[in-house]
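Structure first, commentary second.
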């Protein structure tokens, strides 16, 4: 691993030296790959226009991030910004100098990259969904158009993945091999769900059982390794030790914070899809109109941006996890049930008044 790490540091130094002027763009691309944006941006847009794609996106994102956590616990991957300080391979304490940024100091293990895995997951789902839509009703005349669309969409996919990967390497939070593993892992998870149609008809019980399994497996795995005297939170004190600015350390980057966030979202989706509000909005005649979907999408994006103003207290870790679960569960409840139902009732009332 020292070979990969040492050469990875050289790549990071090259990027930071020669591409420093592109920091704003690279920081933006890092945010594009942020797993949290799946729930705040990609999901509300996709679900309001195509419920099948939106539902699949949540399952892919949650299972993908859960697998990412398990692999991080198994692989014990270092992050560049602390590895250069901890390693003994550099003689006479001549550790390379890596610049740190406000988004550098993530506290969990580094391999595979969660941002790269999350970005490849959701964009794979969106690209394959768009391509399957273009195939429907295709005749000989449109075969050329389909091929052009295929080439364009996959080019966009890889452009985004490469940009996200470079951005994560640039800020010294990942080594190159870690982002490559993330992209491959995300695509494999997304492809697996292309052959899992059962999630579209999953009952509330299925959602609850899945949630319980993911939680118990993760906690059980953590406790088992603790019994074996293996600390899975080993990276947190190292991150705090070598982060250039203590204010850049955030509790929501710890391994369990991501687990709680994902379980909350899946829990909320299960309740929302099986709720009376969602079923009533689906039965409405407006559900399939473009105006209804646009209004739901815009309202969802607007309301979810307000969630960023809901600051969860971080002084008590257990309280933070509970509130984070509740906040995450409310996202699909808002997008899937509350907003479509409210828009449906408003359009229904306005329709009665116009008659």
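Backbone N, Cα and C define each Cβ position, glycine as well.
With respect to the membrane, Swiss-Prot annotates residue 248 and residue 343 as residing on opposing sides. For the annotation N-linked glycosylation site, the record in Swiss-Prot points to 92 among the listed residues 92, 287. Through the fold, the transmembrane segment (262-282) approaches residues 39, 55, 58-59, 61-62, 65-66, 202-204, 206-208, 210-211, 214-215, 324-333, 335-338, 340-341, 343-344 of its own chain, all at least 6 residues removed from its boundaries and within a Cβ separation under 8 Å. Taking only the Cα positions, the spacing between residue 174 (active site, nucleophile) and residue 168 (substrate binding site) is 6 angstrom. Shown are the recorded positions 79, 168, 174; of these, the residue with the fewest other Cβ atoms within 10 Å is 79.
Contact check: the transmembrane segment (116-136) against the transmembrane segment (319-339) gives fewer than three Cβ pairs closer than 8 Å, residues 6 or more apart, which falls short of the contact criterion. Count of Cβ pairs under 8 Å against the transmembrane segment (57-77): among 147-167, 169-189, 294-314, 319-339, the largest is for 169-189. Mean pLDDT, taken over the topological domain 'Lumenal' (233-261), works out to 89 on the 0 to 100 scale. Residue counts for the topological domain 'Lumenal' (233-261) by DSSP state, with H, G and I taken as helix and E and B as strand, are 21 helix, 0 strand, 8 coil.
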